[in-house]
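A.B. asks: Take this structure, written in structure tokens, and hold onto it; I'll ask about it next.
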Amino acid sequence: MRIEQELKLGFKDVLFRPKRSTLKSRSQVELTRDFTFKHSGRQWSGTPVIAANMDSVASFEMAAALAEHGVMTAVHKHYTVEQWAEFAKTADKKTLNNVFVSTGTSEAEFEKVKKIMALSEEFVFICIDIANGYSEHLVEFVQKVRAEFPTKVISAGNVVTGDMVEELILAGADIVKVGIGPGSVCTTRVKTGVGYPQLSAIIECGDAAHGLGGMIIGDGGCSCAGDVSKAFGGGADFVMLGGMLAGHSESGGEVVEQDGKQYMKFYGMSSQSAMDKHSGGVAKYRAAEGKTVLLPYRGSVHNTISDILGGVRSTCTYVGAAKLKELTKRTTFIRVQEQENNVFGKE
């Protein structure tokens, strides 16, 4: 047993230090990034925010809506091949180019991904997603998927330390998904005692990935636009959002009415709700590691994503970053014990 003494930080522990800027308006900030991926050699241009691969967030409808903003969607893995075929026929090229096809690591899921990717040349991104990315099985699965799809962009996770980021990139992942336990409906840290404060995880994993020419997705922990900016400032190439994009008409969640008001069900993918729906209940050998909440119905996602991106633009003007690419170079975080004034409630 050993104890690491170095303090690790989450988004609530820091604020950006403002810096002198020549920017006159938020409209001057360029949020589009241009990426070339290490293994596939593919190029992509867009706003590097991703809707999380949860079935109460990342629907086909969400993918179409977010693509209008140049934003990506990791479509959840519970659609059938037939549903994907219909989506491939009806969606436009921009939407298809901005979706990840999500998968677990079983043999059946591998066969399913092969069928989905064969539906359209426009499917470029694969998201290999398991809760515990420290499994040797994940590394082997990444190698297998890379051998099958040498020209596709592969994301794999989730992990929170540089050593595992490096191993996954060397195994064939272009992007590594970073985050264990920070999500709004995740209870892994409570049920298991395992986790890592998200900002420190992003800083350390980003450093490891960039040293090998790979990239990272900061997955989870964002509760406001400022947190999204902090993730980018800490070195995340992409930021993945679940709860911030849940509860919308495009989210795909179940609508519930209580006291004359509409709510949408939102749950973690290791929650009792998810396992009841997709696995016939919680297996005897495991515990649910997520919760189910009812969110007030929020209407269309367009206003929400515009508000998030507007917040990131504003961050850039405060620190003098004309492009999102420059944000991490212009970032100085200060450690704090307060964030916002809550006299009149939370924003």
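Keep in mind that glycine also has a Cβ here, set from the backbone N, Cα and C atoms.
These came from Swiss-Prot, pasted as-is:
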- 108-131, 216-239: NADP(+) binding site (BINDING)
- GLY181, GLY183: K(+) binding site (BINDING)
- CYS186: active site, thioimidate intermediate (ACT_SITE)
A.B. asks: What Cα-Cα separation, expressed in whole Å, is found between CYS222 (NADP(+) binding site) and GLY181 (K(+) binding site)?
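C.D. replies: That comes out at 12 Å between the alpha carbons.
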A.B. asks: Where SER120 (NADP(+) binding site) and GLY183 (K(+) binding site) are concerned, what is their Cα separation in Å, rounded?
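C.D. replies: SER120 (NADP(+) binding site) and GLY183 (K(+) binding site) have their Cα atoms 32 Å apart.
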A.B. asks: Determine the most Cβ-crowded residue among the binding-site residues ALA108, ILE126, ILE216, VAL228, using a 10 Å radius around each Cβ and all protein chains in the structure.
C.D. replies: ILE216
A.B. asks: Please compare the binding-site residues GLY181, GLY183, GLY234 by how many other CB atoms fall within 10 Å of each one's CB, and tell me which has the fewest.
C.D. replies: GLY181
A.B. asks: Taking the Cβ of LYS114 (NADP(+) binding site) as the centre, count every other Cβ atom within 10 Å, in any protein chain shown.
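C.D. replies: LYS114 (NADP(+) binding site): 14 neighbouring Cβ atoms within 10 Å.
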A.B. asks: How many Å lie between the Cα of ILE216 (NADP(+) binding site) and the Cα of GLY181 (K(+) binding site)?
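C.D. replies: For ILE216 (NADP(+) binding site) versus GLY181 (K(+) binding site), the Cα atoms are 17 Å apart.
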